[in-house]
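According to Swiss-Prot, the protein has these features:
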BINDING   GLY18, ASP19, ILE20, GLY21, GLY22, THR23  ATP binding site
Amino acid sequence: MAYSTDHDVVLDFPILIGDIGGTNARFAIVVDSYAEPREFPVVQTADFATIEDAIQTAILDQTHLIPRSAVLAVAGPVNGDEIDLTNSNWVVRPREMMAHLGFSDIVVLNDFEAQALAVVALGEEHLEKIGGNVAETVGSRVVLGPGTGLGVAGLVHARRTWIPVPGEGGHMDLGPRTARDEQIFPHLERIEGRVSGEQVLCGRGLVNLYRAIAKADAKEAAFSSPAEITTAGLAQADEIAVETLNLFVTYLGRVAGDLGLVFMSRGGVFLTGGIAQKIVPALKNSLFRAAFEDKAPHNELMASMPVYVITHPLAALHGLAAYARTPARFGVETAGRRWRLR
Ligand SMILES: Nc1ncnc2c1ncn2[C@@H]1O[C@H](COP(=O)(O)OP(=O)(O)OP(=O)(O)O)[C@@H](O)[C@H]1O
């Protein structure tokens, strides 16, 4: 078995594609260059001990299709032959998967690299615009998504190729800015003494923020799940949940604005993942955009920068399908790794 880093990737159909998050794994099989991928029900990562079990039971045992290649996007850095998933117990071992599941090629990408590919592949009908001017067609872009964690990737256009720039930007520091922040931040749960973006801007982070607000005001915290908090916040049914949601979109605006500055994202800042889709009305209130644009001396630049919520429920899979069909259109060699049996 040879490890290959060649960039002239051509994959043999049918191709299994998979978006492996911390909570959910979504799979489909791309049959050829034209047909819609065959989709399968969402798999909960906690329901299977290993990714191989999940693929065998939930996909291969359910179809007569025999995938020859696999393109998998995983939540975590893609290094070496054993790829740990940051927020789950699964470990991706491509060599073992090839031996046990019969693939001759496996490409593994970072999950936000796949989200970045989706930004190129999705039509406008799958985007909800949150202010700003018209996006520049080949302007740089950035994708960030609060989900089980906080994923981030850039996307740049060079030499007629879209190149995702994966990273771990969700772990950058997040600091207090207003007097209210100063009251709440001391009560946030930290990671080794630090409040990172991901400590607040993800499912767990919503609960962290909600509890910190309750503590700061010496009130009782009635909710314990992210969905309860956003539901009560959107319905204006609970004072602490309303403030949690307001601060969540404010902090998301700050971080999204910082990333827009880093990548000079004249092509747009894209919010993806399960949570953004569920809180679109809150993202459309003025707080998100105000925090996004509050970047002196660059307020004017930021006011022109478009932001979109990706509303496609399976965006990363869509990006992976586009890559599986025409790998040459995308330069995923920055972080994608390929294993092949030939
Ligand atoms: N209605 C809701 N409001 C807020 N958070 C929610 C809601 N429903 C689910 N969540 C939270 O969203 C997170 C899952 O996000 P997502 O659906 O993007 O999963 P994922 O793909 O596994 O995430 P990741 O790729 O970051 O690991 C969980 O923390 C869950 O508690």
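Keep in mind that glycine also has a Cβ here, set from the backbone N, Cα and C atoms.
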Can you list, in sequence order, the residues of the same chain other than GLY18, ASP19, ILE20, GLY21, GLY22, THR23 whose CB lies within 8 Å of the CB centroid of the ATP site?
-> ASN24, ALA25, ARG26, THR45, ALA73, VAL74, ALA75, LEU85, SER88, ASP111
Of GLY18, ASP19, ILE20, listed as binding-site residues, which ones have a Cβ less than 6 Å away from ligand 1?
-> none
All-chain count of other Cβ atoms within 10 Å of ILE20 (ATP binding site) = 26
Cβ proximity for GLY22 (ATP binding site), under 8 A, sequence spacing 6+, ordered by residue number, returns THR45, ALA75, LEU85, THR86, ASN87, SER88, GLY147, THR148, GLY149
Which ones in the same chain are close to GLY18 (ATP binding site), with CB under 8 Å and 6+ residues apart in sequence?
-> ALA25, ARG26, PHE27, ALA28, ILE55, ALA70, VAL71, LEU72, ALA73, LEU317, LEU320
Which number gives the other C-beta atoms within 10 angstroms of the C-beta of GLY21 (ATP binding site), all protein chains shown included?
-> 25
Count the Cβ atoms, other than its own, that fall within 10 Å of the Cβ of ASP19 (ATP binding site), considering every protein chain shown.
-> 27
What is the number of other Cβ atoms found within 10 Å of the Cβ of THR23 (ATP binding site)?
-> 16
